[in-house]
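Worksheet for the structure shown next.
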Amino acid sequence: MSNVSNQIRASSSLIKRFKQRMTNPAALVQCRSFTTLEGHRPTIVHKRSLDILHDPWFNKGTAFSMTERDRLDLRGLLPPNVMSSEQQIQRFMADLKRLQVQARDGPSDPNALAKWRILNRLHDRNETMYFKSIYLLCSLDYESSMLAYKHKWHFLLSVPLWRPDYCSRHTDYELSPFYGQFKVLIANIEEYAPIVYTPTVGLACQNYSGLFRRPRGMYFSAEDRGEMMSMVYNWPAEQVDMIVVTDGSRILGLGDLGVQGIGITIGKLDLYVAAAGINPQRVLPVMIDVGTNNEKLLKDPLYLGLQEHRLDGDEYIAVIDEFMEAVFTRWPHVIVQFEDFQSKWAFKLLQRYRNAYRMFNDDVQGTAGVAIAGLLGAVRAQGRPMIDFPKQKIVVAGAGSAGIGVLNAARKTMARMLGNNESAFESAGRQFWVVDAKVRNVTYWPRILIMNLLSVLTRYCKTTVIDLESLVEAPRISFAYCSSTLNFKNVHGLITEQRENIDPQALPFARKVKEASHQGLWEGASLAEVVREVKPDVLLGLSAVGGLFSKEVLEALKGSTSTRPAIFAMSNPTKNAECTPEEAFSIVGDNIIFASGSPFKDVDLGNGHIGHCNQGNNMYLFPGIGLGTLLSGSRIISDGMLQAAAECLAAYMTEEEVLKGIIYPSTSRIRDITKEVAAAVVKEAIEEDLAEGYREMDARELRKLSQEEIEEYVMNNMWSPDYPTLVYKKD
Ligand SMILES: NC(=O)C1=CN([C@@H]2O[C@H](COP(=O)(O)OP(=O)(O)OC[C@H]3O[C@@H](n4cnc5c(N)ncnc54)[C@H](O)[C@@H]3O)[C@@H](O)[C@H]2O)C=CC1
Ligand SMILES: CC(=O)C(=O)O
Ligand SMILES: [Mg+2]
């Protein structure tokens, strides 16, 4: 696989197979229809919808015109941008060339994207096998995966060269001996989650326009306004249990990826199947393409999404409203998980729909639950009871949808422990210090200039050691913001009530200026300064800024008053983690608790001890929340159900484990933890009288179930990757 010519040579077997097929009469009949396609006479097809997309003879992929998409029930089954065949060839060649350069997502796994491709092809061919045989495939070492490329190159291309971009069912439909030899009985999720989920899924999204072969899921675009109610009927499955939807505006920590964000919905639903046992025929990944503000994608001729700026305001809401109405009309019992919406919309949409539909926002609510479980674990790891949680001092970096979700949930949990009244809520709020950074529109620039200068002066009056160079630099920068850009101001650091145009979501966590000043802090104090003064028990990052927990910040954390400071570097993917576990253990000390959003390896501390790296990711909760909601038949997803899920995860770890610094289970236990979380959600839905039952288990029957019976009920409803017996029946 060293260069393109080698790759093309390797695919010659594919061309040979095509020639062989051409000599057999059945193939020739099909060939005639191919000839008519070449000519300008129409070809009669007896298929519609996905059957066409899966037929290499008729499939044109992204080149189907809008009228053909309407005529053939294809609307919504393809990304919205119609491509010419020349563009398809260009896209294919660009992708082929890109493979010359090894894909990288950090030094840990240079072959990650290649593995993702292999898995994706298998997913397209054979779902059961995909979920079953993943284990060895993913644990292939470098040599074996190179070998795989060399000998089974057509699996990766999945495109016969004689008809570029038309995927071939015939060449890759069967499970090859390559996969056959790696047949294993149980999927090893620990190995495959990093490929189909974070971090590699991020890389896949970034390259999705190049990687796209067969469509998976549905696309609703701003162009489809007024059509969505009929479009949902283009999806072939009669029943859909779980939809994960994104508008691509904030994919992991990678920003606005537009239509390419559909990759994350596919990755999340893979976990629904693998962890929660949701039947893969009943999941639906959805992309709502309302444009993109990513300038690079707007200019990219090969981008598959709408090349216009994002819809905003009422127009945007109207599109999402129409989508929600359409899917709930066709599938009234579906559950919709909102994923990776920019915070501007995440909260508004959650408030808009949560009492009307079975929906939740994973980044806001799923992440909050996982963080609470981890924070309680960190208290236990200090050898203290969970009830001591309200005494923890917590510094949070990043007040976006995830950060605010965590802050709200943590504050409520503390308040409950303190007596669940107003004063408990007030005093809980004082345990948090929030640091954020935003670029804001500023209209009254002279006033801002004065405020900036004042804040710089305050800052240097408070600092004991004055760095002369930065003292000169800082006012100049402040002045530059105000004079050269006039309309923008970079607002950053500790949030206090002094902050201008503060986000309403962040307002409840703004520190009182007087209080801050008593602590030696001020509006806009840097993260390092906050950590130094507060000496927190926990430092939690949801900022999407890789390396934000710099050496200076980690050094400052050494002053923590905790016997066992905890660091949650939760941003994804790997390169966006606020720090690595190596940095954390080496700078702060061996005794810390460490968790990250994407997986890292444990750290050898060199003294016979291991620094445990926990994965603090919402994957431990969302599959169980979805499954529990489905099986309870709850009308909505209540705060109580989410809280029950979080508490279940927190209680899952044994005392022995938490004392070792293990606060989250290993991903290999995800199916078991998901079962327990789902059971907790079902139980809570019953207690809140929200459960309406599922299939033959009606609400009355549900209420009679004991704890063990609920768990058994959940387990019995989890799909397993076994081939069913197939029987043909005429329509
Ligand atoms: N581990 C997990 O389960 C989850 C992790 N995440 C990760 O969290 C990150 C943030 O996600 P969202 O909150 O949805 O995004 P967001 O864009 O809504 O929030 C990010 C926040 O960080 C702030 N920020 C930017 N630079 C900063 C700096 N230098 N210092 C302090 N704050 C800064 C931004 O102003 C913004 O408020 C992403 O990387 C995402 O992948 C999100 C959900 C779950
Ligand atoms: C894990 C997740 O949902 C995120 O990073 O956005
Ligand atoms: Mg997310």
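Yeah, the Cβs are placed from backbone N, Cα and C, and that goes for glycine too.
Whatever TrEMBL says is automated annotation, not expert-curated.
Positions annotated as domain 'Malic enzyme N-terminal' by TrEMBL: 181-354.
Summarising the annotation, TrEMBL assigns active site, proton donor to TYR197. The secondary structure of TYR197 (active site, proton donor), as reduced to three states from DSSP, is coil rather than helix or strand.
DSSP gives ASN617 ((S)-malate binding site) a coil state; it is part of no helix or strand. ASN617 ((S)-malate binding site) has a Cβ environment of 25 other Cβ atoms inside 10 Å. Under the heading (S)-malate binding site, TrEMBL lists ARG250, ASN572, ASN617.
Over all protein chains present, the Cβ of LYS268 (active site, proton acceptor) has 28 other Cβ atoms lying within 10 Å. Feature annotation from TrEMBL assigns active site, proton acceptor to LYS268.
Within the same chain, residues at least 6 positions away in sequence whose Cβ sits under 8 Å from that of GLU339 (divalent metal cation binding site) are VAL244, VAL245, THR246, ILE264, THR265, LYS268, ASN361, ASP362, ASP363. Residues annotated as divalent metal cation binding site in TrEMBL: GLU339, ASP340, ASP363.
Sequence annotations record features per position, and here TrEMBL assigns domain 'Malic enzyme NAD-binding' to 364-686.
Between the C-alpha atoms of ARG250 ((S)-malate binding site) and ASP340 (divalent metal cation binding site), the distance comes to 5 Å. TYR197 (active site, proton donor) is surrounded by 26 other CB atoms, counting those within 10 A of its CB over all protein chains shown. With respect to their backbone Cα atoms, ASP340 (divalent metal cation binding site) and TYR197 (active site, proton donor) stand 14 Å from each other. In this structure, the CA atom of TYR197 (active site, proton donor) is 11 Å away from the CA atom of ASN572 ((S)-malate binding site).
Less than 6 Å separates the Cβ from ligand 3 in the case of GLU339, ASP340, ASP363, drawn from the recorded positions TYR197, ARG250, GLU339, ASP340, ASP363 in sequence order.
When pLDDT is averaged over the domain 'Malic enzyme NAD-binding' (364-686), the result is 88.
Cβ neighbours within 10 Å of ARG250 ((S)-malate binding site), excluding its own Cβ and spanning all shown chains: 25.
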